[in-house]
Amino acid sequence: MNIALADTSALTTAETLMLPLFADRPAPLPSPFEALAQTPGLSEASAKFKETGLFYTLPGAPCRRLLTVGMGDAADFSLDKLSRALAVAARVARDRLCERAGVLLAGLPEIESASAPRIVREATVALCLGLYAFKLLKTTDEAPADPKEFLLLPDENASREKLSAALALGLAEAEGVCLARDLVNRPSNHASPAIVAETARELAARHGFSCRVHGRQEIEAMGMGAFAAVAQGSRAEPAFIVLDTDPDGGKPLVLIGKGVTFDTGGISLKPAAKMEEMKSDMAGAAAVLGCLETLGRLGGGRGERRVIGLLPCTDNMPDGGSVKPGDVVESLAGLTVEIVNTDAEGRLLLADALAFAARLSPATVIDAATLTGACRIALGVHYAGVFSPSDELAERIRVTGADVGDRFWRLPLDELFAEELKSDTADLKNVGRREGGAITAAMFLKRFVPEGASWAHLDIAPTSFVDAASDLWPKGATGFGVRTLAALARGQG
Ligand code: BES
Ligand code: MN
Ligand code: ZN
């Protein structure tokens, strides 16, 4: 599927025009579309939010069909509503076998946050994400094919250069999100640590980033005892993946992504119900890779802000060789950890990745992890948790996320909770009490954060994998966090 900027002359008589309709104002039909107002039935078209209609135009019209898209009241217009309505309309266009569709983006109600380039960026993302489907493993597929092309028709007074940059940004963001969705939707036998590593290597090669992959032996030899303990129960070779956008660059932004390619819980085995969803336990790693894909497509290599991605990847399995509840391991930071519950494995991987990050003199460290079911219980399925000792960083993440459709809500990091992590046998244990489980997990990580770095932890367990589709999220993987991380890395947030 292709998305391009066009002007009105690009529409031929064989095409469909997507037309946003507002309840409280006439259809925005700028020249040369005025005559389309005569289209039979158009006056009955619903402007109710997300309702669509298909109308055949009169002979001689600049396009053959109109696909109306209800936007509700102009007074309530927002970028979020535009995105949701366009995602819905893109699916209708597919179902109605549109090959090429114009998308009229001129004449939308003026709102502060939505310049013409911003509208182009969001429309691009919405059309791509609206049509996303995970088809990799289907050998038969009856679903209709995607439209071949969308032609965006923005306000013609806007700067072409800015519109083109906005289109490129939207496409890069959509590619990043779709890459993350694909990785997360892949079952573990199609997304082993080795396969994630191969994806990372291929991504790095395409964008001129460096990529190193450390296997089991090196993970152990480096002293990553916490990570190694999780990996020891799995026959699949673990991978500690290090991607660097600019190895000669300055102090990096380090992004750490939890990459548990399947989480059975280990010896503290999870119940069978919905265990298959634990293929999504590498959504943090996928979000970091998606972010790097976006940055790479935008040319974010040498000379741009340096970003390092750290992806500790392994399955968490029960086995004769598995780590057992009560075992004590030595982490890379030197702290000993009593593994009371082998299902609290994410924080063990992240502890060693954080200690590794300390060697990179990072300015900022952000980790993204499907860390706790407790976070989902606390926040529900629309918001992810953000934890940071820095009010400024926490707020920046919240605001940046809200701007790109990733909702974050701050939860407390308070030493009161550290009490629960005291161990009788080691420096700390890996679980506290059930209540406030997302917070104790964050407090555990805080013990390993590099000194002097600004740090935030994103618990994306609530939002990474959903059991029902909504306008912009399909059922399954959402790609949550990709756009936020990319916007933060690009210094826009
Ligand atoms: N990967 C899970 C967290 C999770 C749960 C992610 C549901 C997505 C959806 C994590 O490794 C885990 O098992 N956490 C435990 C921690 C507990 C043992 C302290 C949990 O949340 O139950
Ligand atoms: Mn677990
Ligand atoms: Zn897990």
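From the backbone N, Cα and C atoms, a Cβ is placed for every residue, glycine too.
Unlike curated entries, TrEMBL annotations are predicted automatically.
For reference, TrEMBL has these:
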- Lys258, Asp263, Asp281, Glu345: Mn(2+) 2 binding site (BINDING)
- Asp263, Asp343, Glu345: Mn(2+) 1 binding site (BINDING)
- Lys270: active site (ACT_SITE)
- 341-348: domain 'Cytosol aminopeptidase' (DOMAIN)
- Arg347: active site (ACT_SITE)
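Checking the recorded positions Asp263, Lys270, Asp281, Asp343, Arg347 for a CB within less than 6 Å of any atom of ligand 3 leaves Asp263, Asp281, listed in sequence order.
Asp263, Glu345 are the recorded positions among Lys258, Asp263, Lys270, Glu345, Arg347 whose C-beta comes within less than 6 Å of an atom of ligand 2, given in sequence order. Ligand 1 lies under 6 Å from the Cβ of Asp281, Asp343, out of the binding-site residues Lys258, Asp281, Asp343. The Cβ of Lys258 (Mn(2+) 2 binding site) has Asp281, Met282, Ala283, Gly284, Ala285, Pro312, Gly346, Leu349, Leu350, Asp367, Ala368, Ala369, Thr370, Leu371 as same-chain neighbours under 8 Å, each 6 or more residues away in sequence.
The candidate set comprises the binding-site residues Asp263, Asp281, Asp343, Glu345. Of these, Glu345 has the most other Cβ atoms within 10 Å. When the recorded positions Asp343, Glu345, Arg347 are screened for a C-alpha within 10 angstroms of the C-alpha of Lys270 (active site), the residues that qualify, in sequence order, are Asp343. Put plainly, the active-site residues Lys270, Arg347 were compared by Cβ crowding within 10 Å, and the winner is Arg347. Under the DSSP three-state reduction, Arg347 (active site) is assigned to helix. Compute the center of the Cβ atoms of Lys258, Asp263, Asp281, Glu345, which mark the site for Mn(2+) 2; besides them, the chain residues with Cβ within 8 Å of that center are Gly259, Val260, Met278, Met282, Asn316, Gly346, Leu349, Ala369, Thr370, Leu371.
Separating the Cα atoms of Arg347 (active site) and Asp263 (Mn(2+) 2 binding site) is a whole-number distance of 13 Å.
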